[in-house]
Amino acid sequence: MFGFLKGLGVTLSQLPRKKVTLQYPDVRPEWPERFRGVHRFIPELCIVCHQCARICPTSCISLSGTRDENRKMRIDTFDINFDICILCDLCTEVCPTEAILMSDTFELADYTRDSMYLDMHWLYENQLRYERAHPDRVTRPAGGEQAGEA
Ligand code: SF4
Ligand code: SF4
């Protein structure tokens, strides 16, 4: 009996407290700026140096590029296999131009593994979504000549 009353007391003491759980997915979490979610990518900043692919511990980045008329390397394809990406952040750490960055996107669950292969266009769309959601965090000017985090 004492144990029951003790347990009931603990339960009642929690009732007036502020709730820490969210009614996800109706209420979505606000992740901190350094949250390591699915990448975003800015194609015009990529110099095709392959550093991200080389450092990736799971070899889940594949990319290709060609030289343009000014002999600058331009990215043609950039794919990440999120089936095996461990969101370790190493690729964004080594990128010299901040072309690849982490975002707060975290929902990739699906019924097929094929949907885990995300290409340059999806990753750029994720960049645009991130810019819309967090204009205070992104200082990339219109036209995308340079990028930087606020
Ligand atoms: S976060 Fe880590 S595992 Fe994922 S692509 Fe980047 S380096 Fe590879
Ligand atoms: S994303 Fe960054 S590290 Fe990867 S190839 Fe492009 S410039 Fe190099």
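Cβ atoms are placed via backbone N, Cα and C, with glycine included.
Nobody curates TrEMBL annotations by hand; they come from automatic prediction.
Outside the domain '4Fe-4S ferredoxin-type' (37-66) by six or more residues, the chain places 31, 72-88, 90-106, 108, 118, 120, 123-124, 126-127, 129-130, 140, 144-147 with a CB less than 8 A from a CB of the stretch. TrEMBL lists 37-66 (among others) with the feature domain '4Fe-4S ferredoxin-type'.
Taken from TrEMBL, the feature [4Fe-4S] cluster 1 binding site applies to Cys46, Cys49, Cys52, Cys95. Counted within 10 Å of its Cβ, the other Cβ atoms near Cys49 ([4Fe-4S] cluster 1 binding site) come to 16, all protein chains included.
Sequence-distant neighbours of Cys91 ([4Fe-4S] cluster 2 binding site) (same chain, six or more apart, CB under 8 Å from its CB) are His39, Gln51, Cys52, Ala53, Ile55, Cys56, Ile61, Ile100, listed in sequence order. Annotated [4Fe-4S] cluster 2 binding site per TrEMBL: Cys56, Cys85, Cys88, Cys91, in sequence order.
Residues annotated as domain '4Fe-4S ferredoxin-type' in TrEMBL: 76-105 (among others). Same-chain residues lying 6+ beyond the ends of the domain '4Fe-4S ferredoxin-type' (76-105) with a Cβ under 8 Å from its Cβ atoms: 31, 34-43, 45-47, 49, 51-53, 55-66, 113, 116-120, 123, 126-127, 129-130, 133-134, 147-149.
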Cα separation, Cys85 ([4Fe-4S] cluster 2 binding site) to Cys49 ([4Fe-4S] cluster 1 binding site) (Å, whole number): 20
Structural state of Cys85 ([4Fe-4S] cluster 2 binding site), classified by DSSP into three states: coil
Cβ-centroid neighbours of [4Fe-4S] cluster 1 site Cys46, Cys49, Cys52, Cys95, 8 Å, sequence order: Ile47, Val48, His50, Gln51, Leu63, Cys91, Val94, Pro96, Thr97, Ala99, Ile100
Those binding-site residues in Cys46, Cys49, Cys95 whose CB falls under 6 A of ligand 1, listed in sequence order: none
Binding-site residues: Cys52, Cys88 - member with fewest neighbouring CB atoms within 10 Å: Cys88
